[in-house]
Amino acid sequence: LTEGPEPENHTLLTGFVLSGLSNHPQLQLLLFFTFCLIYTITITGNLLILMATLHPRLHTPMYFFLRVLSLLDISTASTVVPKMLASFLAEDRSISYVGCATQLYWVIFSTATECYLLAAMAYDRYVAICSPLRYAAIMNSRVCLCLVLLAFCSGNVVSVMQTAWVFTLPFCGHRKMNSFFCDIPPLLVLSCTDTFPYEMQLIMATVLVLFTPCCLILVSYACIISSTMKISSAEGRQKAFSTCSSHLVVVTLYYASGTLIYLRPRSRNSQDTKKFLALIYTTVVPTLNPLIYSLRNKDVQDVLIRMMTDMVKK
């Protein structure tokens with residue numbers, strides 16, 4: 001008996017083809033300008049946060065975490081949006097095998113690290129509100145640095161493992177990916193082997209990366225809300241609740257979209273829905289973070305106004 005030819009692994013030679021956000025030609029130019037504006041706002045807002053939090057007046061743990069958050073948001077948006085913008089104007093939407101692996105690594109690294117960082121930020125707010133007298137001792141510079149390094153190391157481990165595992169799968173047949181960037185669920189759809197073991201470990205990773213930090217955030221905010229209920233001033237309670245609700249909106253968008261995408265990674269019928277959900281955590285949330293976490297903050301506004309005034313005078 002002679003063996004038939006093995007499926008040809010085209011991806012090693014030509015990479016993949018991204019479907020993009022939309023296939024309607026009449027929408028391409030409108031989508032280009034829309035997301036170009038969103039990307040500009042994202043980069044500008046996060047760069048302003050980076051500039052402001054470098055000011056000596058804002059050298060506190062909260063602003064240190066915000067600075068790192070801005071870096072991660074810039075990383076996520078810059079990894080995904082420029083390629084998406086190019087796809088709106090170009091007929092060739094191909095991406096090389098190495099380029100796809102690199103993009104996947106950076107997206108997972110930035111988003112996974114941000115998940116852990118948001119938990120660290122919630123803990124910081126918990127200590128500040130629930131133990132204000134011990135805040136400086138608990139959240140010293142060494143602890144803050146360790147929390148950030150732990151988030152970066154955890155994000156890197158998750159990213160390396162997920163990227164390495166998914167690119168050990170054989171990809172054969174058509175190579176068109178129903179996505180606007182290289183992501184795990186559309187890559188699994190292109191695989192011509194049984195991906196059930198990989199899907200199970202992906203679900204476990206989703207629990208570790210999304211559910212665990214989310215539970216810590218919810219517990220922290222439950223304690224914060226409990227403490228604010230004891231504040232005698234109605235204005236103080238309203239301000240605390242406003243801050244918590246704003247933060248929880250971003251956290252809900254971020255974690256919910258990731259959970260819905262990665263808990264059913266190879267569901268073919270929901271690829272368009274997952275494309276929309278991926279748009280939330282890769283594009284929308286990085287734009288909202290500066291507005292919700294920092295630019296509404298009076299201290300940040302004062303520093304930015306002072307910096308711009310100094311620039312004008314010079």
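For all residues, glycine too, the Cβ spot is worked out from N, Cα and C.
Per TrEMBL, the features are:
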- 45-293: domain 'G-protein coupled receptors family 1 profile' (DOMAIN)
- 29-52: transmembrane segment (TRANSMEM)
- 64-84: transmembrane segment (TRANSMEM)
- 104-123: transmembrane segment (TRANSMEM)
- 143-167: transmembrane segment (TRANSMEM)
- 202-224: transmembrane segment (TRANSMEM)
- 245-264: transmembrane segment (TRANSMEM)
- 276-295: transmembrane segment (TRANSMEM)
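Sequence-distant contacts of the transmembrane segment (64-84) (same chain, at least 6 residues past either end, Cβ-Cβ under 8 Å): 18, 20-21, 35, 38-39, 42-43, 46-47, 49-50, 53-54, 95, 103, 106-107, 109-111, 113-114, 117-118, 120-121, 124, 144, 148, 151, 180-181, 281-283, 285-287, 289-290, 293-294. The transmembrane segment (143-167) shares more Cβ pairs under 8 Å with 104-123 than with any other stretch in the list 29-52, 104-123, 276-295.
Mean per-residue pLDDT, taken over the domain 'G-protein coupled receptors family 1 profile' (45-293), amounts to 87. Of the ranges 29-52, 245-264, 276-295, the one with the most Cβ pairs under 8 Å to the transmembrane segment (104-123) is 245-264. When Cβ-Cβ distances below 8 Å are used as the criterion, the transmembrane segment (245-264) is approached by residues 111, 114-115, 118, 122, 125, 183-185, 202-203, 205-206, 209-211, 213-214, 217, 221, 270, 273-274, 277-278, 280-281, 284-285, 288-289, 292-293, 296 of the same chain, each at least six residues removed from its ends.
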